[in-house]
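A short write-up of the structure that comes next.
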Protein chains: 2
Amino acid sequence: MVSVPGPWHPIPGGVTAPEGFLASGLTAGLKPSGKPDLCLLLAPVGAVCAGSFTTNRVRAACVDLCAERLAATGGRARAVLTNSGQANACTGERGRSDSLRATAALAERLGLPEEQVLICSTGVIGVPIPMPPLLAAMEPLMAGLSDEGGAAAATAILTTDLIDKQIALEASLGSRTVRIGGMAKGSGMIHPAMATMLGYLTCDAGVPAGVWQAMVQRAVDRSFNAITVDGDTSTNDTYLAFAAGEPLSPEHFEALEAGLTAVSQHLARAIARDGEGATCLIEVRVEGAVDEAGARAIARTVCGSSLVKTAIHGRDPNWGRILAAAGRAGVAFDPQAVALWLGEHQLMAAGQPLDFDRPAASAYMQARAAGAYLSDDTIAIRLRVGDGPGSGSAWGCDLSDQYVRINADYTT
Amino acid sequence: MVSVPGPWHPIPGGVTAPEGFLASGLTAGLKPSGKPDLCLLLAPVGAVCAGSFTTNRVRAACVDLCAERLAATGGRARAVLTNSGQANACTGERGRSDSLRATAALAERLGLPEEQVLICSTGVIGVPIPMPPLLAAMEPLMAGLSDEGGAAAATAILTTDLIDKQIALEASLGSRTVRIGGMAKGSGMIHPAMATMLGYLTCDAGVPAGVWQAMVQRAVDRSFNAITVDGDTSTNDTYLAFAAGEPLSPEHFEALEAGLTAVSQHLARAIARDGEGATCLIEVRVEGAVDEAGARAIARTVCGSSLVKTAIHGRDPNWGRILAAAGRAGVAFDPQAVALWLGEHQLMAAGQPLDFDRPAASAYMQARAAGAYLSDDTIAIRLRVGDGPGSGSAWGCDLSDQYVRINADYTT
């Protein structure tokens, strides 16, 4: 569990925990496996939605459509349809027209303008969505909408993830109660050529669209943009964050942002922990950098290094690989100022290795392997690179031979 | 064997094939394994030397010393001492003073100014060089200098490489014969925390220092800067290129550059092919980009993708992973214009998959695995991203479970 800041505390549920949000999920028959594959999330009247999308030049038609519609409406989206099994990327004109048909059919039934309906797809690249079963499932999907539908929705967006990923937080802000919910999928035993990450956040406080968009972007930079499983950016990555409800007093914006950052970080960590073949979560915290962006860049480079990831898989306190990775992050720092900790064990000071207790450091890493999901399985690396004010974190997972076998043996 | 351009043809030998260059290599007792570990390369009077060094912020004292001395003398270096076994990185003040002591001792014996003597170190990070055996080996090292010493030198610079890496080319340029020699080490079964790549090139034609430096930089961009084994940049990467002899007429500069690019590419490909756990060499050629730098950036991103590397390890013609990797290279192109070939098999046209002969494409990849070293073991990927004039190549190797075991099981 990510540490929960300030006034926030965890409550049961996910995206339907905030007031007014409805969701449903079912099996439409899109996946050969017969698992749940279609999900609908409906936001209350007046909702604003902030979107964050893959930076890949090759992106799916549904991603283009989401971005266009959020821009055209100033973030006034009300509904998102998500199908899992087919990414609908590299499917040409048909990909675009299928996305338009699906959202048009849903908009008509919901009585909404088409521009307020979004679609996200995840699954195999190059494969179109089977439209007849998708269209046939619209009625039961709408009939299933409920304020307890978050769990079914969180299941229906999965592809080959090992576990559901959802969270809800609650806080008293002034005289009112505010809730934030979230769900995500990604990175677990990824089908080759799968498009990877989807995340959804809901909040029952009203926030001006511009303020909300800026808050969400900062939260994304501190969560999803700070994780890495294998360095490959997918064609479909999407994060959609809805806020709807009585306007929140600006004095509580800072607390709200802390909550949505915590929810985003929980979901991002859950994705990293569920990385292909992973046996532990790696958390790298960099301190003393010139600024936060530089600290995060160093942290993410260390997290993404194949040599660091394999060393951690072998539970080897290999400070040399950590330092070499930090050095190639493209961020200036003085190597002679570096100090490094692994858990409580200090491995370096003033840029040189200390005579640390190697068996104890290895034992710390071994113990993390056996820990409970997202609690005691985190191997914490702390790197101080100077006296600057910038600090930041990144999360990843170890690189195992199982990762190679998963990705080498499977033929699309 | 890399294709040899224009007037050049291969000849036996390595760095001592060009006239006037001497080298020696021996076992000084620096490595616990008892393998050769010390090498000396001596360039003729009047040599100019161009150096290219790691961009890692954390770099060894010897790298700083090389860069400083080449800057101070305008590239007038005459000798390079190389020790293998200890990288002498992250060794603080002692690392610097040991490098100074070693080069001072050698300069005195050679009768050269200290500034004209360089030192390169490769091996375990954080471990200083054992100075007494190194200093004791100076006399026999000098006594062993010969114009046939290239092979002994190429062996003495290795750490855990599986094979020696050297090459020599010859051409008639106008009325004279010019030879280029090269040797390198790196990437083979790397010891955890090893500092990786060293390369040396010699040429018996005189070229003005500024012209030579520019030629070498372009060749490095098209060779060493275009390979990747695991994305980790070492603390000691160094390439030193010497030119010494009768001045070459400028009309032959273009031919000379083609030769030194071919030598550099051969050495770079040999390093990639000898990558940890590799079963094949991957060559990615990108065409139709806006410029050469963009094409190379896309090619290197594809070569470095863990998902592409594991797919190739499984001999899976996974076009989706190749395209997704190309898309995140940070280079603009139109996804709808993409065409993709694997060997002779076209997998995509106009941004969409073709109905290609999958068993035949897999069979092409399978056959590459069994090929001879650096000849038939190359899996060739060709990606056309538009109609632009830019093309460029990158080389890498597949990602195997053996890579993970090598890097996870070995404890420093």
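Placement of Cβ uses the backbone N, Cα and C atoms for every residue, glycine included.
The active site, nucleophile annotation in TrEMBL covers A:Thr196. Annotation comment: TrEMBL describes A:Thr159, A:Lys185, A:Thr196, A:Glu276, A:Asn407, A:Thr412 as substrate binding site.
Each of the binding-site residues A:Thr159, A:Lys185, A:Glu276, A:Asn407 was checked for a CB under 8 angstroms from a CB of chain B; the ones meeting this are A:Asn407. According to DSSP, A:Thr159 (substrate binding site) is assigned to coil rather than to any helix or strand. Cβ neighbour count for A:Glu276 (substrate binding site) (all protein chains, 10 Å cutoff from its Cβ): 24. Around the Cβ of A:Lys185 (substrate binding site), the number of neighbouring Cβ atoms within 10 Å comes to 29.
Look at A:Lys185 (substrate binding site): DSSP puts it in a strand. Secondary structure at A:Asn407 (substrate binding site), as computed by DSSP, is helix.
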